[in-house]
Amino acid sequence: MNFGRVNPAQTLDAQGITGLGEVHYNLIEPALVEAAVKRGEGRLGRGGAFLCSTGAFTGRSPKDKFVVRTPSVEDTIWWENNAPMDPEAFDRLHADMLEHMKGRTYFVQDLFAGADPELRLDVRMVTELAWHGLFIRHMLRRPERTELDSFVPEWTVINCPSFKADPARHGCRTDTVITLNFDKKLILIANTEYAGENKKSVFTLLNYILPGKGVMAMHCSANHAIGNTDDAAVFFGLSGTGKTTLSADPSRTLIGDDEHGWSDKGTFNFEGGCYAKTINLSPEAEPEIYATTSKFATVVENMVYNEETLELDFDDDSLTANTRCAYPLEYISNASATGMGGHPKNVIMLTCDAFGVLPPIARLTPAQAMYHFLSGFTSKVAGTERGVTEPQPTFSTCFGAPFMPRRPEVYGKLLQEKITSLGATCWLVNTGWTGGAYGTGKRMPIKATRALLTAALDGSLANVTFRKDPNFGFEVPTELHGVDSSLLDPRSTWADPAAYDAQAKKLVEMFANNFAQYVPYIDADVKAAAIG
């Protein structure tokens, strides 16, 4: 039995998904919240937020992610980074999932992936959980109700948490699986309730399709000057580097916080919402994100709360440190209504250096920018993972290796071409440690980071004196009004300069060892910019 609004020629039955129980098409937020609460999927929290738990899976399962290996993608997928699945195994998985789904209730959302009407993808999300429908309705971009009458899905994502895969029969690693089939334009997700798999599977899809059209796909946040979309900036960065925090600048308009494209026309958000970390969130540090946790239909995921008062505990990580909330962009007061901006004038690459070596900001040449983009460096510190007792380097190419189906140099060359042809200024910003490594030094003051970023974005930083860093070769400002000059020379902040030199040498060697894998694929300029 069908409910809701849908193109009558594009029902699930028309797609060969038959025998289901109730199918709810394109329910709006109040109806999805109502259904989720009625079905016992979670609770209504303060202000009407939806409080839920994702069970055993509180994060993504990257080792259970597959791409179906067919002749059409054989030569374009980065197989060293993307596990292959046989087409026959996929077909068995698909058939078994459809059989499992019969008689059950499902929720369908027809949505746009991408703010640019010329480049967006029409995506259908089929979810077993009502709150997953609510989540993806926040995360992607919602058509007008009248547009649903003619909506034709190009891609379909089926998410069935109650289905357990069989590794022997389905060609996967465990009973959890996320697999993309580019020939059938179909994504299957099984045995995980973690909502992030929904959005990241679509992101992976766009990261394959758009570069084939000459569009750079980016794991980054983006903003632009208020009233001037041509003064845009993008912020690349891995988890914990400050991507969301630093792009949420009250003096600038937020385009988006996580996934963007860079076309011949400029930047555009892939999404229509935000998926923010909430652990240790405070109203003082991030008031707007904090406020969303008590707004109607915000999805609050894996947060501990008082059973009587429903008050959230932002510091409790007993379920997971990866507590999150998902909400529409319009819940942020200075968010862009269009999700589009001009070409970035500034490209910022964020890193959290727990070795205490990198300066708080450095200016990069286009070749150096490609080097650091391909490197994708940040660091894990003690306590973030079991067994980590000292800083460990993390190199995640393109600042998002798990979501990159193509080889890294494809994205690197696209970025280098756009930076060079459009004259963007590139910066490396370290939000990590200074005055020593983690455990000895201190965290880079957020006030100093914001001051340096503001000066970079408004152009005033270009007017100060720069020095060439002897270890990395990039340019570092020697002073900026309002910023302690000693911070700009990391070596001077260490009690023992010789210890700094030894640590810097160690980090340079780590960069060089990691980058060796890309040397056969890069041009002479990038080779010359390589360190070590």
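Using the three backbone atoms N, Cα and C, a Cβ is placed for every residue, glycine included.
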Residue among E284, E286, E288 sharing the ATP site, where Swiss-Prot lists K200, H219, G237, L238, S239, G240, T241, G242, K243, T244, T245, R324, T449 as binders: E286
Recorded substrate site member, picked from R60, R450, R467, that accompanies Y194, K200, R324 in Swiss-Prot: R60
For D258 (Mn(2+) binding site), the three-state class that DSSP assigns: coil
Between G237 (ATP binding site) and H219 (Mn(2+) binding site), the C-alpha gap once rounded to whole angstrom: 7
CB within-chain contacts under 8 A for S239 (ATP binding site), separation at least 6: K277
Cα separation, D258 (Mn(2+) binding site) to T245 (ATP binding site) (Å, whole number): 11
Cα-to-Cα gap, R60 (substrate binding site) vs T241 (ATP binding site), nearest whole Å: 19
